[in-house]
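**Q** Below are the features I grabbed from TrEMBL:
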{"type": "BINDING", "residues": "A:CYS645, A:CYS651, A:CYS685, A:CYS689", "note": "[4Fe-4S] cluster binding site"}
{"type": "BINDING", "residues": "A:CYS689", "note": "siroheme binding site"}
{"type": "DOMAIN", "residues": "A:3-303", "note": "domain 'FAD/NAD(P)-binding'"}
{"type": "DOMAIN", "residues": "A:325-389", "note": "domain 'NADH-rubredoxin oxidoreductase C-terminal'"}
{"type": "DOMAIN", "residues": "A:428-474", "note": "domain 'BFD-like [2Fe-2S]-binding'"}
{"type": "DOMAIN", "residues": "A:564-625", "note": "domain 'Nitrite/Sulfite reductase ferredoxin-like'"}
{"type": "DOMAIN", "residues": "A:636-776", "note": "domain 'Nitrite/sulphite reductase 4Fe-4S'"}
Amino acid sequence: MKTLIVIGNGMVGYKFCEKLVSKKGHENFKIIVFGEEPRPAYDRVHLSEFFENQNAKALEMAPRLWYKENGIELITNTRITDIHRSKKTITSTTEQQYNYDYLVLATGSSPFVPPIKGIEKEGVFVYRTIEDLEGMLAYADKLNKEKPNAKAAVLGGGLLGLEAGKAVMDMGLEPHIVEFAPKLMPRQLDSRSSQVLQLKLESIGLNIHLSKATNQILGNDGHITGMEFGEDDKLDVDMLVISAGIRPRDELGKTCDLEMGVRGGIVVNNKMQTSDKDIYAIGEVALYNQMIYGLVAPGYDMAEVAANQILGKTDILMPDEIDMSTKLKLIGVDVASFGEPFMPASKGHSIIFENKTQHLYKRINVSLDGKSLLGGILVGDATDYNMLHQIYLNGMAIPEDPAQLILPASEGGASFGDVTDLPDEAQVCSCESVTKGQICSVIENGKATDVTGVVSCTKAGTGCGGCKPMVTDLTNATLKALGIEVKEGVCEHFDLSRQDLYKIIQVKGYTKFNEVLDNHGNGGHGCELCKPLIASLMASINADTANKEYAIQDSNDRFLANIQRNGTYSVVPRVPGGEITPDKLIALGQIAKKYDLYTKVTGGVRIDLFGATLRQLPLIWKELISHGFESGHAYGKSLRTVKTCVGSTWCRYGMDESVSFGIELENRYRGIRAPHKIKGGVSGCIRECAEARGKDFGLIAVEGGWNLYLGGNGGATPRHAELFAEQIDNETVIKYLDRYLMFYMRTAKPLQRTAAWQERLEGGLEYLKEVIIEDKLGIVQDLEDEMQTLVNKFECEWTQAVNNPEMMKRFNHFVNSEEEDDNLVFVPMRDQKMPQPWK
Amino acid sequence: MENILNTYTTTKLDNVNVWFKAALVSDFPKDGGACVKYKDKQIAVFNFERTQTWYACQNLCPHKLEMVLSRGMIGDQGGIPKVACPMHKKTFSLETGENLNGNLEAIATYPVKIENNIVYIGFSE
Ligand code: SRM
Ligand SMILES: Cc1cc2nc3c(=O)[nH]c(=O)nc-3n(C[C@H](O)[C@H](O)[C@H](O)COP(=O)(O)OP(=O)(O)OC[C@H]3O[C@@H](n4cnc5c(N)ncnc54)[C@H](O)[C@@H]3O)c2cc1C
Ligand code: SF4
Ligand code: FES
C-alpha cells in the first residue's frame, strides 16, 4: 500500500479526492489530507451566500463523514510547514512527520495585499475564507450600531471586487469601489462595456472611483477612517475590503526547491507533475503554461489529470488551451465574457449592440471569414451566454448574418442555436466537465427521467450552477425526442398541471383535498406544494374561505395572518382604496396600543400592525370587526389592495372619481383566491399618482372614460401593465376585469402573477383581446357568471372565525396550556418594538 | 441561544421513561399539527389522519431557532412523512428528523402513543 498525501483541502483538493476514489485502483493507496482551515473543504465560489444565511454547512463540498466512508484520513486545522524531498516526508505545525510516496499540492492562493502604508489597520479585510466573512459581518454590525451611514470601500474593481461590493452593500453599508485602472473589470471587459456596467452599478447604488492609486490608509486609534489617493484626494471610509488579485500559496515549493515561476506559482507540466516527479500541484498554486488560472473549472480539470496520472493512466493530459470564459453572478446585473473578449482588428470583426438607456451591451468577435465565433462580451443581459459560449467552444457554424446572434428577437434576431444542435462532445457543464452526450445518454438509458435525476447522475450544474438553464432545456428536449411527455405535474403527488386540476375539481365538484389526492394523485399524503394549490383551486371554484380545511392551507392562510420573523403575526385590515375615516384611524391606534403592536403604513396604502401572538389574533380581530373592519387578505394569494389617488374628489387635475371606483373594485374582488396575489390601481389622470400601471390591473381616467391596463408588476421583475382598452365606462371596465381575472385564474401556473402569465400567453395581448373583447372562445358569459358567483358568496373569513368557537381552537400556541411561546424576545426599535435580530 | 437546541434530543421507544399525557386526539387538527408544552420543552405533534399515524418532534426550527414547526404543513416525500417549516419551507423527516432539502442539523423526534383517545408523548426524563 502506498501513501498519498494531499496538502490543502480547498475546492480543488477536495475534487481531487472525489475523482480519485471514484476510479479503480484507489484501493492501493492510503490517502491523508491536510487542511489548514478549521472545517472541511467548502464551496468558495458561493462564499457570498454565507452573508445571507450564515450557514457554513450549506457550503460544505462534503461532510466529514464522506471522507471517513471513503477511507480518507482528513486532518483539518493543521498546516504543513515543510517538505523533505530526500526523505520523502513532510512536517506539520504540530511537529509531526508523515511519509509519502506521492504528494499533491493543492494549497490554492491567498489574496494579494498591496504594501500600502497603514494597511494593517483594524477594519481592513480580505475576502477568501468563511472566517474572513465572519470578521466582516461582526465589524459591519458594530459599525451599523455606532454610525447610521457607515461607508465601506472595496479595493479592486474586478470580478471579485464587485462581488465584495454587493456584499458590503447588503450589510447595510454605503458601498464604494476603488479601482486602479480607468475601467471596471479590466481583464474581462472593453471600455464601452465597462462604462455600461458602471452606469448600471451606479444605478443600483454602488459608488465607483476609477484611476485611483491608494497611497495611504488613514486611521484613528488603529482603525481605518479613510483612504488617501493624492494630496487633496481622499475618501472617508469605515471599512475596507481588499480584492486586488491573488498570489499562489507556493511557500512549500520554494523551501524545498521545486521549480518556481518568476512571479510565483509552482511549475507543472501537462501531467500536473512538478519538477519532482512524485510531487504534483493542482489548482491555484500550479503554474501551467506560465499562467495561474484563478477559476474552479481549470482546477477541476487539473484534479482529473493528476488523479489519472497517479493511478497509472498516463495518457490523460491537460489540454494546451484553457477556457477562461466567465459569468459574473450575484450582483444583480448580468456580465459575461468568453473566448477572446478583446480582439485586434487584424484577426476579425466585431459586432456591437449597445443600448445605454437599458444598460445593455453585447459584443461578439467573428473571424475574418465570418464563419466562426472568437469571443465576446455581454453586459446587462447574458441570457445568450450559454449558447454563445457553446458555439465558441465547439467551433459551431454561425448564421450568415452573425448579428442575429445578439440582436433582440424583435429586431430581426433569430433565436439561433438550439441545444439540440450542439455536438455530443459539447461541454455543457464546464465545472464538472459534463458533455451533452453524457446528459442525453443518462436519459436515453433510463437512468434519469427529469432534471433532478440528470443532475444527480452526472453532477452537471453542481459547480457554479451557470449551466442549469441549459441542462434543463437539454433534458426537456431529450425527453421530448424520446416521446416522453415532459411532466408539468405540480409535485411528486400529482402528474397533472394546475390547469388540469382546475378542470377536474370544477367538473367533479370536489371539496376536500383527500378526494382529489385519492382519485387523481400518485398516492402518498401530499406536501407543501400540492396542498395549498388545491386549497386555492377549491377556493377559486367554490368560493370557500381558508377556514374550511385549514390544515391544507399555506401557513399564512391557515392562521389568517402573515407569519413574522419570530413566529408572531401581522394584522392588516382592509382599507378599501386607502380611504379611512378619522374614527377608524383612532380605533386602529387604540387597538395597536392596547396590544403593544408595532405599527407601520404599508407599501400598499394601508396600516399593518405587527407582533401579535397566535392567541392575540382573534382578540384583536374581534375588536377590529366591532369597529367595522374586515380581513385585508394580506396573507392570501388573493386581492390585496386597489391603490387610488384622490382624483376629482379633491384634486384640481382629476378627470374622474378614482377613489370611488377604486373602492368599488376592491370590494368587488376582495377575498377571491387566485394563482398569486392581485393588486389594482386607479389614477384620476395621466399624472398617475396611484402607480396604476405597476399593478395587475390599472385604470387611468382620461377624457371620455377609463384606459384599462393589464399585467403590470412591481417586485423582482417590474413590468408596466399593457394598454388593453381605451375610453371605456365603469361598467365595461368591470366586465373586462371579471373576464380577465377569471381567465387568469383558470389558466395560469401555480404562483404565477398576471404579468408572467400574460407574457407567456401564446398570441400575447392581441390574443387576450380576442378572448376577452371579441369572445373568440365563446366563454365570456361563463367567465362573468363564475366571477359573479364568487362576488356574491364573499364572506369575511375573520368574522367567520371569531364567531365560531370550534375555529377559534386553532389560535393557541399550545394545545395543553394557555401560556404564550416563552421563546419570544422583543427589543426596542425607535419608539416601538421589534423581534430580536436573528443570529 | 444555541444551547436551546441541546434541550432536544431524539428519544427512542426503548428509552422512554415517562409517557406524558398531552391532550385529547380531538384537540389536534386532522392531517395537521399542534404544539404541546412539556416542562421547558415545546413539542410539535402531528396527526397523519390518513394513515392513523402520529409523530412528534421539537417545535424549534434549527434554521432560525424559532418555535414554529408545529404550525408547518405535513406531507410526504417519496413516502417519508415530513413537515415543512412555515417560515422558509425547510422540510424535515418525521421519522429520522433529517433535513430533507438542505444541510441543517437533524431535529429531535419523540415517540407518540394513543390510548383511549388520549395522546401521549414519550420522554426519557
Ligand atoms: C407589508 C408590506 C411591506 C410594507 O411594510 O410596506 C409587504 C410585505 C411582504 N411582502 Fe410585499 N409587502 C408590501 C407591499 C408590496 C408592494 C407594493 C404594493 O403593493 O404596491 C409590492 C410590489 C408590487 C407588486 O406586488 O407587484 C410587493 C411585492 C412583493 C413580492 C414580489 C411579487 C412579484 O410579483 O415579484 C413578494 C414575494 C411574493 O409574493 O412571492 C412580496 C412578499 C411579501 C411578504 C409576504 C414576504 C413574506 O413572504 O413574508 C411580506 C409579508 C409581510 C407581512 O407580514 O405583512 N411582496 N409588496 C406591504 C404590504 C402591502 C399591503 O398593504 O398589503
Ligand atoms: C468570493 C470568491 C468568489 C469566487 N467566484 C468564482 C467564480 O464565480 N467562478 C470561479 O471559477 N472561481 C471563483 N472563485 C475562485 C475559486 O474559489 C478558486 O479558483 C478555487 O477555490 C481554487 O481552489 P484551490 O483548491 O486551488 O484553492 P483553495 O480553495 O484556496 O484551497 C486551498 C486550501 O489549502 C489550504 N492550505 C494552503 N496552504 C496549506 C498548507 N501549507 N497546509 C495545509 N493547508 C494549506 C488553504 O487554507 C485552503 O483551504 C472565487 C473565489 C472567491 C474567494
Ligand atoms: S421587500 Fe417585502 S418581502 Fe422584502 S423585506 Fe421588505 S417587506 Fe419583506
Ligand atoms: S426558520 Fe424554519 S425554515 Fe427558516
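Numbering starts at 1 and runs along the chain as displayed.
Even glycines carry a Cβ here, placed using N, Cα and C.
Context for these features, please: burial, neighbours, distances.
**A** Counting every protein chain shown, the number of other Cβ atoms lying within 10 Å of the Cβ of A:CYS651 ([4Fe-4S] cluster binding site) is 16.
For A:CYS689 ([4Fe-4S] cluster binding site), the Cβ neighbour count at a 10 Å cut-off comes to 18, with all displayed protein chains included.
Confidence for the domain 'FAD/NAD(P)-binding' (A:3-303), expressed as mean pLDDT, is 94.
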**Q** Taking the binding-site residues one at a time (A:CYS645, A:CYS685), which has its Cβ surrounded by the most other Cβ atoms within 10 Å?
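**A** Answer returned by the neighbour count: A:CYS645.
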**Q** Identify all same-chain residues not among A:CYS645, A:CYS651, A:CYS685, A:CYS689 whose C-beta atom falls within 8 angstroms of the centroid of the [4Fe-4S] cluster site's C-beta atoms; report them in sequence order.
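**A** Going along the sequence, the neighbours appear as A:VAL646, A:GLY647, A:TYR653, A:GLY654, A:SER658, A:SER683, A:GLY684, A:ARG687, A:GLU688, A:ALA690.
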**Q** So, by DSSP, how many helix, strand and coil residues make up the domain 'Nitrite/sulphite reductase 4Fe-4S' (A:636-776)?
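**A** Taking each residue of the domain 'Nitrite/sulphite reductase 4Fe-4S' (A:636-776) in turn, the totals are 52 helix, 35 strand, 54 coil.
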**Q** For the domain 'Nitrite/Sulfite reductase ferredoxin-like' (A:564-625), how many residues does DSSP put in helix, in strand and in coil?
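**A** Summed over the domain 'Nitrite/Sulfite reductase ferredoxin-like' (A:564-625), the classes give 26 helix, 14 strand, 22 coil.
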